[in-house]
Amino acid sequence: MKPTIALVGRPNVGKSTLFNRLTRTKDALVHDLPGLTRDRHYGHGKVGSKPYLVIDTGGFEPVVDSGILHEMAKQTLQAVDEADAVVFLVDGRTGLTPQDKIIADRLRQSPRPVYLAVNKGEGGNRAVLAAEFYELALGDPYVISGAHGDGVYYLIEDILETFPEPEKEEEEAKHPVFAVIGRPNVGKSTLVNAILGEERVIAFDMAGTTRDSIHIDFEREGKPFTIIDTAGVRRRGKVDEAVEKFSVIKAMQAVEAANVAVLVLDAQQDIADQDATIAGFALEAGRALVVAVNKWDGISEERREQVKRDINRKLYFLDFAKFHFISALKERGIDGLFDSIQAAYNAAMIKMPTPKITRVLQSAIERQQPPRAGLVRPKMRYAHQGGMNPPVIVVHGNSLHAISDSYTRYLTQTFRKAFNLQGTPLRIQYNVSENPYENADDKPKKKPLRRVSLSNRIEKREGRKEEKNRFKKKTKVSVKKQFSK
């Protein structure tokens, strides 16, 4: 599993800038989906062969006891507890502040390794900038510049050095491996116990079971499944929804390890931004998705209609997923949930023949050609499969950069219907045929066209006339001389 690195520090020390540097992006979130710009930002990065996850926490105000800043501080402490390593960022220009000392005191109590990074150190004397921060007793400071990248590589390299090399990926599971994800108190633990049944009662008292994911293999109607339980499987009588915690980090880690995600919603509560955020994790990771709307038995018919309207309005980007309305406590609707998990897995792992993909593409073009972009009309020639989990279709042709988002959605729906891709995201990539001579030094130079202007023609004509006149004069002179003789 990828190590998780949390960026911590007071406001305006450059956490977001360093985050962008580590993830090599300006925004690692899922486009403009609702709810994805709040709480903690997350992103993926890689140094050499070692991948990692980065969490950009909010500005840490440890002295605030209430309000939104207090909530941000609580989220930051939770991120510290659940991360594998912590980067404590301070401002080299401002110098050491009382807030930095309070944060350092909190971080020294954490069992996670803490790396002190002095940011905004470009152009300065590293030894001088780092000197006063030794007072924090967090080891040798790393003087870096998140904006320019100075020292960032050495920092992340030292962090990842403590983690083992990623093992070669084992042969991918030939059956659904799914994770139950969702915000706190929606009934995830109840659903896990309902899925595993009465005969599978496991209590984990070992340290770390509330932080590490547990893979449990089981069978349902003769079909193999693996469930990833991030909260530990507890006895039915010990499930306490009030204290159940499922953090953003755990959701990320669970989605990374699974090939299908089961998103649990609470029908008794409104669809929240955090629901969309967690759904966005699965969508960005390209995981097949099944949505379970829990506690359906405890609401009125009027409330049910309201929930369906909210889902259509707030989770419109999950139109490919199958929705199930269940009761985990009474184990209602669980069988249908498994059918959709299996179907979503099959769709995510589908192998599509190239001839059929190209035929579907050509028929889609015949029904509706891509619109022109100025004087250019994109021309699509053929397509083939470029990957699985999620399925990727690569389209080849010319001027494909001019294809609009609406036409891409049209192609996505066409391929989804043709191959019955229910429950999985589908990605379309455009591969434009390259001109081998474009921007090449050895590009053959075009010969200039031989064009003779009107003025040149007149000059030549006048020149010929003058030449004829001179010739006539010469001949007349020579004739006179002959006659004179």
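Including glycine, each Cβ sits where the backbone N, Cα and C put it.
What Swiss-Prot lists as domain 'EngA-type G 1' is 3-167. Here Swiss-Prot flags 9-16, 56-60, 119-122 as GTP 1 binding site. Residues or ranges marked as domain 'EngA-type G 2' by Swiss-Prot: 176-349. Feature annotation from Swiss-Prot assigns GTP 2 binding site to 182-189, 229-233, 294-297; the stated evidence is sequence analysis. Marked as domain 'KH-like' by Swiss-Prot: 350-434. The region 'Disordered' feature in Swiss-Prot is assigned to 435-485. The feature compositional bias 'Basic and acidic residues' is assigned by Swiss-Prot to 457-469. Here Swiss-Prot flags 470-485 as compositional bias 'Basic residues'.
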When distances run from the Cα of G182 (GTP 2 binding site) to each of the binding-site residues N12, K15, T57, G121, the nearest one: T57
Spatially closest candidate among N12, K15, G121, the listed binding-site residues, to W296 (GTP 2 binding site) (Cα to Cα): K15
Neighbour count (Cβ, 10 Å) for K15 (GTP 1 binding site): 26
Where W296 (GTP 2 binding site) sits in the secondary structure, as DSSP reduces it to three classes: helix
Among N12, T57, N185, which are binding-site residues, the residue with the most C-beta atoms within 10 angstroms of its C-beta: T57
Other CB atoms, at most 10 A from the CB of G121 (GTP 1 binding site): 24
Composition by DSSP (helix, strand, coil) of residues within the domain 'KH-like' (350-434): 32 helix, 24 strand, 29 coil
Cβ packing number for W296 (GTP 2 binding site), 10 Å threshold: 22
Rounded distance in angstrom between the Cα atoms of K15 (GTP 1 binding site) and N185 (GTP 2 binding site): 31
